[in-house]
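Undergrad: Right, I'll just put the structure down here and ask away after.
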Amino acid sequence: MAPKGSSKQQSEEDLLLQDFSRNLSAKSSALFFGNAFIVSAIPIWLYWRIWHMDLIQSAVLYSVMTLVSTYLVAFAYKNVKFVLKHKVAQKREDAVSKEVTRKLSEADNRKMSRKEKDERILWKKNEVADYEATTFSIFYNNTLFLVVVIVASFFILKNFNPTVNYILSISASSGLIALLSTGSK
């Protein structure tokens, strides 16, 4: 049986490893897939109103392409968030450290060990980096996806049949952002 201090240290290590892993929490997954579904469904309006593709006749096509696009966009969110989180954490470290130190009262400051202060700073830094990386990842990928859909639909594929135009523009847009998200820089 492991000593009590050992299990506490193990849980702290697990929390730290969780902060730096590629695995998403259920909350992050729901946020990513919800946003990805919304942004993937937006082009349906474009094709329904501008390209005159009937909603009922094209419902199966819209559903399949929206689901495929949702998966690829959520994949891109996850990859971009992972790359950005470490960069944001490094840039925000000093500011977060000052903020946490300032928030601790003098009494708390004297009672707390240096290790505990460092743990609080690390936890806050990871929380800030996670939030900023998540919001920027969603913004960046949504913008890129919608711009590529519009450019592909109205300029590159404008002479194609609307059904082929839809399939190619949604596939190209979601595939491109998924591909670009796999880069490490």
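A Cβ is built for glycine as well, from the same backbone N, Cα and C atoms used for every other residue.
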Undergrad: Select, from Ser11, Ser25, Ser97, the one residue given the annotation phosphoserine by Swiss-Prot.
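TA: Among Ser11, Ser25, Ser97, the residue Swiss-Prot annotates as phosphoserine is Ser11.
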Undergrad: Do Lys27 and Asp54 sit on the same side of the membrane in Swiss-Prot?
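TA: According to Swiss-Prot, Asp54 sits on the opposite side from Lys27.
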